[in-house]
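Q: Quick one: the structure is below, questions incoming.
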Amino acid sequence: MLGECGMLERDRRGLRKCSVTLCKEMVVDELFIQSLQTDDILTDSMAESILAEPTSHKRSWRLLSLLPKRGPRAFSSFCSALRDTEQQHLCALLTESPERDGERQRYVDSPLPLPTQEGMVPAKRARTQESMEMCLDADSPITSPVLPCTPDFYLSHCQQSYSMVSSPRGLALVISNVSFDPCAAPDLDSRKGGEVDEEVLRKVFTELDYIVTVRRDLTAPGMRACIEQFGRRQQHQTVSSCVVCLLSHGVEGAIYGTDGQLLELDWVFEAFDNAHCPLLQNKPKMFFIQACRGEEMDCGVEQSDGPERTQSPGCEQRDAGREGEGDGDTRQMEERGRLRVKLPQRSDMICGFASLKGTAAMRNTKRGSWFIQEVNSALRFRARDTHLSDILVQVNGRIKDREGYAPGTPHHRCKEMSEFTSSLCKDLYLFPKYHPQY
């Protein structure tokens, strides 16, 4: 039986019967929606309304409320989208009931693979403090083109933001450690999916008009030498900004080289500070760190009803060395005025971390890490009119909503929380694909 402009009643019942599980476990991202748009199941306005929902549960609910009205092909297209985004277990849930024998026969006759339950994440051997990213399968990397900034937006925001007018915008360095020396680092497994992250970053920053250098599988001394060489490149003098992405296993405050040795992150930041990298003084320097910062896995907590409680400190700490300073001697003040303006040792930096201090980061073994996926998506869709600090706030919100799917393992429904630190002194807009004419 087919309702007006609707799907088969059998398909409608199947969606209704599984709606609770689908809303709880289904990942509805841009790739999933694009698959349904390609099949003409969803219109552009429908897609936007779904992706605008603030939580994964609400995105799933809105999609399921629309599907029964989208024609007889909507169910099969929905199942195909589930398979294409590595959610075969949900496709199997919909199609493996006895009343759907005919539906299953259609899959047998089709060139597409039968939906099968994904294997469980295998148990990993015990580790010492050399922590791993947790390997989970979820969303796919977004490859939609970076949306361009408009001339009007640039003209209305360029005065209060960092100057981002050079072409290229800057140099970008991506160091990605995927394979580790089994002799020197026996406790560090291969970072499957790490190669996807490096390619995602290469593509998105190339589209944002950066000259991207990707280096794979470096020892700790090799990373240090690579970073030092990158920081000395004379081209920094003529560009507007700089990007450094570090992808590896890690602990709090450091990441691993392929030799099992640690490179301190504080040394990395120091290499680009105002003293050690004068070519980048007063220019924004962006860092993205995809690595664990500890062993603890965030299992999440159940949300409580009621307003959130917030507390703020009741006082501010005084600026160092200013407590006893009075008006001073006039001659001394005039002498100070003749001196060159000083810069703090470290400024104009922003760093996004995949996880909080002490916790593990989540990585999809086929499609890359959660954090890099969300950074990529946010840059492609939001850089046109959002400054980087707000982009990373949006990334935090998307990471907060995500959950791991690995039934039968401790990782099932695990959580992650990203964060960022900033010493930026202005808004940092990337103004993608816009170059002012002089």
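From the backbone N, Cα and C atoms, a Cβ is placed for every residue, glycine too.
In case it's useful when we look at the structure, here is the feature table from TrEMBL:
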DOMAIN    7-97  domain 'CARD'
REGION    101-122  region 'Disordered'
DOMAIN    168-296  domain 'Caspase family p20'
ACT_SITE  HIS249  active site
ACT_SITE  CYS292  active site
REGION    299-339  region 'Disordered'
COMPBIAS  316-338  compositional bias 'Basic and acidic residues'
DOMAIN    339-432  domain 'Caspase family p10'
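So where do these features actually land, and what's packed around them?
A: Across the domain 'CARD' (7-97), the model assigns an average pLDDT of 86.
Counted within 10 Å of its Cβ, the other Cβ atoms near HIS249 (active site) come to 26, all protein chains included.
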Q: Using DSSP, tally how many residues of the domain 'Caspase family p10' (339-432) sit in helix, strand and coil.
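A: So the domain 'Caspase family p10' (339-432) is made up of 27 helix, 17 strand, 50 coil.
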Q: How many whole Å apart are the CA atoms of CYS292 (active site) and HIS249 (active site)?
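A: Here the two Cα atoms lie 6 Å apart.
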